[in-house]
Amino acid sequence: MRHLLSTEGLDAATATAVLDTAGTLKQTLLGREVRKLPTLRGRTVVTMFYENSTRTRVSFEVAGKWMSADVINVSAGASSVGKGESLRDTALTLSAAGADCVIVRHPASGAAHRLAGWLEATGTQVVNAGDGMHEHPTQALLDAATLRERLGELAGRRVAIVGDLLHSRVARSNVHLLRTLGAQVVLVAPPTLVPAGVEHWGAEVRHELDPELPGLDAVMLLRVQAERMHGGFFPSAREYSIAYGMNEARLARLPEHAVVLHPGPMLRGMEIAPAVADSPRAAITEQVRNGVHVRMAVLYHLLAGEEIAA
């Protein structure tokens, strides 16, 4: 891989290689008192986040450090960005200072692609950690890793993605990747939260959740992104929860093997009931744990591309 910007252009062989590497890394580190591999020693990884993040930012930082890379965090508010410096100039500065890889989260859709274009001649590689409402490829990869652990191969599996599709970069990335890996995807949301052009995503679209439950292998719940909304997309949080929330009654209607995912942060009591979030059938903590190993695998494929040094 030259960069990781989206899952839309990720072929099955590359995606599977990353997932397999993540599994190998997880097993390699299992039970170790010191979780450290020398694979990326001497490499410099910079995280550049223009939006708030807990899981993704910490996960990338841990991933880089566990691979022995030097990890530098650039905060938009505490850097020259706060003085008005452009994304392009900031990126070129970081590359000139020796960054081998820049991990970027930005509120503008397409920001990671533009960054990769500006840095193409420098050799610095780019990972998209979420760009606006466009994509979040490493989230989709860690979701796929979690599903593979719970369900085995994903070909032929049926996965529902439920909630705020309109504002969700997670939904877009997951649809592309799950379909590439052979899964069937059904999108479930109120009509007001379905984006234009969704018919080109290659997934089924439904507006009612309950009829879908008995035939699902997995349900991925999305947070309602109120911070991106300017208007009434549904009558109330209570009515949304009644129609689309994963409660104990709905959990009981899923097949026994079915797994519940959530990319976080969760709104307990809205899209997911606390009892469901804490149920053994939910793999939410596993997603976070797998996120570290998947991001280690992404950095490995971008920066090393050799046998994993144990």
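FYI, residue positions are counted from 1 along the chain as it appears here.
Cβ coordinates are placed from backbone N, Cα and C, and glycine is handled just like the others.
What Swiss-Prot lists as carbamoyl phosphate binding site is ARG55, THR56, ARG105, HIS136, GLN139, GLY264, PRO265. The Cβ of GLN139 (carbamoyl phosphate binding site) lies under 8 Å from the Cβ of THR56, GLY130, ARG169, VAL170, SER173, ASN174, PRO263, GLY291, each of these being in the same chain and 6 or more residues away along the sequence. Under the DSSP three-state reduction, GLN139 (carbamoyl phosphate binding site) is assigned to helix.
Annotation comment: Swiss-Prot describes LYS83, ARG169, ARG223 as L-aspartate binding site, evidence class sequence analysis. Under the DSSP three-state reduction, ARG223 (L-aspartate binding site) is assigned to coil, being neither helix nor strand. In sequence order, GLY163, ASP164, HIS262, PRO263, GLY264, PRO265, MET266, LEU267, GLU271 make up the list of same-chain residues 6 or more apart from ARG223 (L-aspartate binding site) whose Cβ falls under 8 Å from its Cβ.
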Would you count the other CB atoms within 10 A of the CB of ARG169 (L-aspartate binding site), including those on all shown protein chains?
23
Fewest-neighbour residue among binding-site residues, criterion Cβ within 10 Å, set ARG55, ARG105, HIS136:
ARG55
Site diameter for carbamoyl phosphate, Å, by largest Cα distance between ARG55, THR56, ARG105, HIS136, GLN139, GLY264, PRO265:
16
